[in-house]
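*Asks:* Here it is, the structure in full.
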Amino acid sequence: MELPSIAVAVWMFVCFCASVAGYPNGRVREACTSMVPCHGGSPQLSPEHTITVNGTEFKPGDTIEVHLSGPDFEGFFIQARDAEHLDSPAVGSFVLADRRHSQLLTCGGTKNSAVSHTSKAKKKDIKVYWIAPGDAPKQVQFLATVVKKYRIFWVKIPGPIVSQPDVLSPTPPLHATSEAMSTSHPVSYISKPFSASSCGITKFCIRNPTNCDPGSASCFFLSFQQEESSVFIEMSGPSEGYLAFAFSHDQWMGGDDAYLCVNEDHRVHVSTAHLKERSHPLLDSENALEDVSWRLADGVLQCSFRRSIHLPAYTGRFNLDTSYYIFLADGEASEGGLIYKHGRQPLVTDGLYNVTGVPQDIGGSRAPRLIKAHGALMFVAWITTVSIGVIVARFFKPVWSHSFLLGKELWFQVHRMLMLTTVTLTSISFVLPFVYRGGWSHQAGFHPYLGCAVMALTIFQPLMAGFRPSRHAPRRQLFNWFHWSTGTTARILAVVTMFLGMDLPALDLPDPWDTYAMIGFVAWHVGTDVLLEIHSYCLIRKVEVIEDDRVQILQSLTSAEAEGHLFKQIVLTIYVCGNIVFLVAFLIAINQV
């Protein structure tokens, strides 16, 4: 019988392939126990990569920063294990610092207990955070498997050993970057939504959208009410993960006094933390909050607590009788309370405010002013000035051929003025994100690359126009073709770039309205262009004369031409009004984010 032998051969081939299969996507759960990649061959003996940590001691619930670094490598696998029993399952859980290059895995039934790569892209450094569990062994050692190339790898590279001091009754783990620290005071429950009736009277309030009702499912609310030497704080918003706010000396994350309310298994844990640059919050070992309460209902998370205006005994806690910028953020959290980076830009107040000063009722913005200005100027340039300028040059030469402005034909002067305005607005707008970011943004996808292409074409277009040949020169047709193709390419790229930019976290116009509005504008422009093209064709057929076997437009202004010119002027008027409507809609949306 040939069939069984073939089946056995196929089975052996499959098993062989499975045993040597690589995991370029990092899904290496099969290697949880041995930490050996299924690449075949033997591991290298002398490691080239090192593991470092930011501390040597821990208590249950503490966060330890773990670094894996060395020469370029493609894959990695990190675990923490009992230092006295390295063959035992992984302990604790991890939180990611960079979700582009690392991902969490479940090993031994413990969720997020291992970290691996997401792709074969070259890496030199990986940073993650380890959260100590409540039942952690006395000593924990970090281990890493590193793959330099498919056949070149190291297994269980030993890392530092971290120890916990003798603790009689360790507290249960509630992580902040992954699980919010438990408060040290009794916790009660909130019975109803917060009220904004005292905002601006006895409370300092921040609401987004402005003047929204905290009882609604779309309102982010933060209030401060001074009571003698303490401040009572309320925070609520549509989040099933976490809400957080922070006091800051500037409008950038880093060196801030933060407060987190994290939903962990349908219970909210409130904690204080310190924000160090753009990394995960570093929890305080002690909690200075009192009268903690919380509520989860209808997708809205509420928490309230009290803290003293001055807390000299707590490092990193700001005095509340000073003015600060205030951040308000929300995001997702895992079932274990692990919090992830906020998916959109935090709400930031537009100025410095003292929450114990005169009560106010203010809003905030999720988009920085420079980014708002960037978006607004680009919309003005590429929705109004350039679009109208193209229509004028394409269809209004015969309409305004006998009208002059400053010695030039009217259509040309209007076209040139609109295009130079486009260049000016685009140039100013192009600089603003670099001023805001202080350099290149690596988290904006293709938007900045396409933006640079648009800027280059925008500068090239008027430079090319400055060297255009005379009207009857042999190279004039070649110039016309290049001028048209460059401008058309710039306009197409600009629309694509705006499509991508509208959903970036720094601006993030409301979905799906922004997409529909931009599609509507493109359809509006293309429809107007097609309508004028059809009209021009019909007009030519109506007034054409046969001369030397070719079609020629009559130069004299016939009644048909007059009717055609009037039609074009009406269409242009309607088109300009439509463009202004689209522009105003986008500017209003930008102002509201």
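Glycine residues also receive a Cβ, built from the backbone N, Cα and C atoms like all the rest.
Here TrEMBL flags 1-22 as signal peptide. The domain 'Reelin' feature in TrEMBL is assigned to 13-180. What TrEMBL records for 216-331 is domain 'DOMON'. Annotation source TrEMBL lists domain 'Cytochrome b561' at 336-535. Residues annotated as transmembrane segment in TrEMBL: 376-396, 417-436, 448-467, 479-501, 570-590.
I would like each feature placed in context: is it buried or exposed, what are its neighbours, and how far apart are things?
*Replies:* Residues 419-420, 422-423, 426-427, 430, 433, 440-441, 479, 482-483, 486-487, 489-490, 493-494, 496-497, 500-501 of the same chain, all 6+ positions outside the transmembrane segment (448-467), place their C-beta atoms under 8 angstroms from a C-beta of that stretch.
Same-chain residues lying 6+ beyond the ends of the transmembrane segment (570-590) with a Cβ under 8 Å from its Cβ atoms: 367, 372, 375-376, 379-380, 383-384, 387-388, 391-392, 396, 507, 509-510, 513-514, 517, 520-521, 524, 528, 531-532, 535.
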*Asks:* Could you give the mean pLDDT over the domain 'DOMON' (216-331), rounded to a whole number?
*Replies:* 87
